[in-house]
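Worksheet: the structure to be examined is printed underneath.
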Amino acid sequence: GDLLKVKVNKLTSIKTQLPYSYYSLPFCPPKKIVDSAENLGEVLRGDRIENSPYVFKMREPHMCTVLCRITLDAKTAKQFKEKIDDEYRVNMILDNLPLVVPIRRLDQDSSTVYQLGYHVGLKGQYSGSKEEKYFIHNHLAFTVKYHRDPQTDSARIVGFEVKPYSIKHEYEGKWNEKSRLTTCDPHNKRTVVSSNTPQEVEAKKEIIFTYDVEYQESDVKWASRWDAYLLMNDDQIHWFSIVNSLMIVLFLSGMVAMIMLRTLYRDISRYNELETQEEAQEETGWKLVHGDVFRPPSNSDLLCVYVGTGVQFLGMVLVTMIFAVFGFLSPSNRGGLMTAMLLLWVFMGIFAGYASARLYKMFKGAEWKKLAFRTACMFPGIVFAIFFVLNAIIWGQKSSGAVPFGTMFALVLMWFGISVPLVFLGGYIGFKKPAIEDPVKTNKIPRQIPEQAWYMNPTFSILIGGILPFGAVFIELFFILTSIWLNQFYYIFGFLFLVFIILLITCAEITIVLCYFQLCSEDYLWWWRSYLTSGSSALYLFLYATFYFFTKLEITKLVSGLLYFGYMLIASYAFFVLTGTIGFYACFWFTRLIYSSVKID
C-alpha cells in the first residue's frame, strides 16, 4: 500500500543523439513539476529527472487509470510527429530502476531482450491505404516486479517493465472527470491488449492518456536486480580479443628482450676480441650517436607540456578503472563515472606539474612558472573550446543535453580553482629537485644524420607504430562506442582493465623497438618521434570512429553528426596524449638504460 512515485527522465533517440526533457512534449504534467537534484555527471549527460503524475500503490493493481485528456493543436501535433519520426524513447525511473520494454527475440530460444524506454509512438498505414500516419502510445501497461521477503512479508522492487499500446479511447456522452471509457473498463473486464484501433496524431484530435499497473512476484533478489539490464550475450568476443592482443604483446616482448640481450649482454662481456667486422659495423650504429642522443629536442617546452598532461590523464584513467573494477561505479549510480573522472582529472594536476617540470629542468629550462601555466591550460583549454562550441550547437536545438551556464561555471571554477594551483604546486616541487643527469655527455656540435632508408622515414615509422596499440584495443572500443551512442549500459570494467594494461605494454614495446632501429641507423632525433609513434594510434581511433558512424549509426541530422565527430575528436585527442606519454617514457627509460651500460673510451 506504500506510494510508488515514478520519475520521468529525458527523451532519448539513437538517431539524433539529442536528449530532450520529458515535458518538452505536451504529456500529462503533475500539479507541480519538481526537478530532482542531479550530480555533475548527470547534468553533463543531459539527464533531467522530474516527477510525474504516475503514482502507484505497492501491490495494489490498477486497471485503466485515466491520467488526463488533451486536444492537439497544429503545434503540439507537429512536435509529437517530429519526435515519433526521430524514434524518440521515453525514459522513466522507479526506485532508481530504469523502465524497460521486454522484447521477445524470435531467433534464439525466444529469450527476452530489454530495450531502455518505450517509443513515443510509431508510424504505420491503415490496411488498404498507402498514406503513412503517426500513432501515439497513449496507454501504458506497467508491470512492477517485486521480491518478497518471507519473514517480514515486505517487498522490494526488482523490475519495472512496460508494454505501450496505442488505442483510440471512446466514452459516452460529454467528457467530465467521472466519464467511463467504453474501450477500457475494469468493471466490464475490458482491458487493452492490442493496438488494433490506434490513436492518430493529428491536429484537433483528442488524446486520452491511460495506464494499467500489475504486480508480479519475482525470484530475483534485490541485490541482483540490475543483472537483467546488463545481460552480456557475447563474452566470447571479449576473451577472443584479449587473446588476440596478448599475441601481439608476446611478439613485441620477444623483440624487446632480444634487443636488450644483444645490446646489454655484448657490452658486459667486452666483446671486442671475438667480433667479426660485419657484426661490429651493425652494432655500432647506436653507439656512434652517443654524443647526440640526449641533446634537447626542438620545441622542448611543448614536449614537456604534453608529457605532463599525459601523466595527468594516465593517473585519472588508472584510478577510475580501479574504482570501476571494484564496483564503486555501477550503472545504478547514474553519472557517477563522469563525476569521478572529472574530479580525478582535477586532482591529478599535481602529477602533471611535477612530470613536466622534471623534464623541463633536464632540458635546462628556467621559466618553470610559464611552463606550469601552459601545462595547466593547454589540453583542458582545447577540449573546453570544442566542448563549448558543441554545447552552443545543442543549446540552439533546445535540447536538455546542453550544459547549463551554472554547470559550465562550476567546471571552469574546478579547473582554475583546484587544477591550476595543483599543477603549479607539482611544478614547484619538480623544479626544486636536482635535474636528471644524462648517462653520457652531449657533444658541442651536432652530428650529421646520414641518408635514411625509405622505411625509416619519420612519417612512415610513426604511422606504423600506431597500428599495433590500436589493434590491441579496437574490439573493446566497439563495445564502448555502442554503449555511448546506442544507449546501452557498459559495465564490463574487468575486461576493460585487462585491455588497458595490454595497451600500456603494447605502446611501450612498439616505441622501444622502433626507437632502437632508428638509433641503429644513426638518427638520434628520438624525443618527439617516440611520443608520436605510439600517439599515432589516436589517428586510427578517429578513423575507426568515422567508419563506425557510417556503418552502425543511423544519424541523418547535420547537428547530430557534428556532435558525434566533436566528441570523438575530444576522445581521440585524449587517447593521443595518453598513448604518446606512455611511448615517450618507455623510450626515455630504454635509451638511458642502454647508454649507461656503454663504456665510452
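Backbone N, Cα and C define each Cβ position, glycine as well.
These features come from TrEMBL:
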TRANSMEM  239-261  transmembrane segment
TRANSMEM  303-329  transmembrane segment
TRANSMEM  335-355  transmembrane segment
TRANSMEM  376-396  transmembrane segment
TRANSMEM  408-431  transmembrane segment
TRANSMEM  462-486  transmembrane segment
TRANSMEM  492-519  transmembrane segment
TRANSMEM  531-550  transmembrane segment
TRANSMEM  562-590  transmembrane segment
Selected stretch (most C-beta pairs under 8 A with the transmembrane segment (531-550)) from 239-261, 462-486, 492-519: 462-486
Most Cβ pairs under 8 Å with the transmembrane segment (239-261), selected from 376-396, 408-431, 492-519: 492-519
Most Cβ pairs under 8 Å with the transmembrane segment (376-396), selected from 303-329, 408-431, 462-486, 492-519, 562-590: 562-590
Touch test for the transmembrane segment (492-519) and the transmembrane segment (303-329), at least 3 Cβ pairs under 8 Å: yes
Contact call for the transmembrane segment (562-590) against the transmembrane segment (335-355), three or more Cβ pairs under 8 Å: no
Positions whose Cβ lies under 8 angstroms from the transmembrane segment (408-431), at least six residues beyond its ends: 40, 308, 342-343, 345-347, 349-358, 360-361, 368-369, 371-373, 375-377, 380, 384, 388, 391
